[in-house]
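Colleague: Annotation source TrEMBL lists substrate binding site at 20, 121, 165, 297, 400, 407, 408. According to TrEMBL, the feature active site, proton donor maps to 166. The feature active site, nucleophile is assigned by TrEMBL to 354.
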Ligand SMILES: CCOCCOc1ccc(-c2cn(C[C@@H]3NC[C@@H](O)[C@H]3O)nn2)cc1
């Protein structure tokens, strides 16, 4: 037997995001985003890299679609850049921006590839940031205007929408830890932003129901996985706080209509931070959705460590194998996470909207022999298969990423692609993992002995 086998109707895909691949930041009427501003500020991004040219996908999208077609995927997850549609965040619509995404979507549909579109993958219009950004509720209204505009424009073409990608990154990583744009370090601001992102999600869900009853909508929360070092109560509580911050903080409000109270109390008592909930917010946030996107990369073993960070928790470094970005390789965590989500939130349809590994192999004699990425994909796709066969309602798997791209604060050094990109010439070279994934898609699985 020795086979990892998926159902024939299992959806296979690949994912990218606008600021990471498009480039052409001053073309097509696009306005500035917070990532243009943040990446231009010295010290924020390795090597001073920016998304100004990226993979040049704004001009090379047909080549990208050809790569997807050859790969054999049935789904392509991309994101729209809000500043291409509304250069000033609100107000007049930039028709050139809509036209670009219509060209991309038409090319996908002509190749029988279903577009899965993320509305917000972190490139907030700078004009809105200048007026308070996600800290102010007016940005929630602006997001809803943007969402309604593209729902109307792409009705009948795009049938799977994702509202917000990784709200933990867009709130806490960006406004408490200061690692991503706009680089703030204030827990109350980050907590307020997290709430407004969830509110924006809920408002967009309600708007889609009014505009296009045939389309499906979800969101893509972060999902790391921490596991207690021991069965001691203090280790278990420390890990409960860590997982709660990454997972429950963003999933309980959507699926249960409330924040995890133990964490709300922790924020209040430890940090004097509160969530600015107004009447009706949680009803909006918990508007029923059609699927949830799970993004998984890594997990860790953790234990209680008095005074260590927000939650008094220490991630232990067991010298597990790591990818080139330094993240431990922990496929069992993926299986445990998926079971945890299914047990806690029920049979909501799940798409793995991101899973992949950073390996920085270069091109040698026209090939990229990224055997470690193939190994990572084998073990992690097997974890998805374990969860699927354990009753978790998983509908598809989309690899992060179709191609090497701008990996945020890590710049272009950290490569997650199935396709290698030369960032000077924009030449694309399919890696060995691309061919392995193509064969796996064709067989809807793979043989463990291979
Ligand atoms: C001070 C401690 O700070 C440590 C860094 O902390 C993080 C956490 C998480 C990430 C992270 C990066 N990615 C991959 C992206 N997902 C979406 C897509 O755009 C991919 O490029 N996911 N999570 C980075 C850094």
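Cβ from N, Cα, C; glycine included.
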Colleague: Over the residue list 20, 121, 165, 297, 400, 407, 408, recorded for substrate, what is the maximum interresidue Cα distance in Å?
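Modeller: Pairwise Cα check on 20, 121, 165, 297, 400, 407, 408 gives a maximum of 18 Å.
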Colleague: Taking the Cα atoms as reference points, how far is residue 408 (substrate binding site) from residue 354 (active site, nucleophile) in Å?
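Modeller: Given the Cα positions, residue 408 (substrate binding site) is 15 Å from residue 354 (active site, nucleophile).
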Colleague: Drop a 10 Å sphere on every Cβ of the recorded positions 166, 354, 407 and tell me which sphere holds the fewest other Cβ atoms.
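Modeller: 407, out of the recorded positions 166, 354, 407, has the fewest neighbouring Cβ atoms within 10 Å.
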Colleague: Can you tell which of 20, 165 has the most other C-beta atoms within 10 Å, given these are the binding-site residues?
Modeller: 20
Colleague: What whole-number Å value do you get for the CA-CA distance of residue 297 (substrate binding site) and the residue listed as 'active site, proton donor'?
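Modeller: Each residue's Cα considered, residue 297 (substrate binding site) and the residue listed as 'active site, proton donor' end up 12 Å apart.
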Colleague: DSSP on residue 165 (substrate binding site), three-state: which is it?
Modeller: strand
Colleague: Taking Cα atoms as reference points, which of the binding-site residues 20, 121, 165, 400, 407 is nearest to residue 354 (active site, nucleophile)?
Modeller: 400
Colleague: What other residues of this chain sit with their CB within 8 A of the center of the CB atoms of 20, 121, 165, 297, 400, 407, 408, the recorded substrate site?
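Modeller: Neighbours within 8 Å of the Cβ centroid, excluding 20, 121, 165, 297, 400, 407, 408: 17, 166, 354, 401, 405, 416.
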Colleague: What same-chain residues, at least 6 away in sequence, bring their CB to under 8 Å of the CB of residue 121 (substrate binding site)?
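Modeller: Expected: 17, 18, 19, 20, 79, 165.
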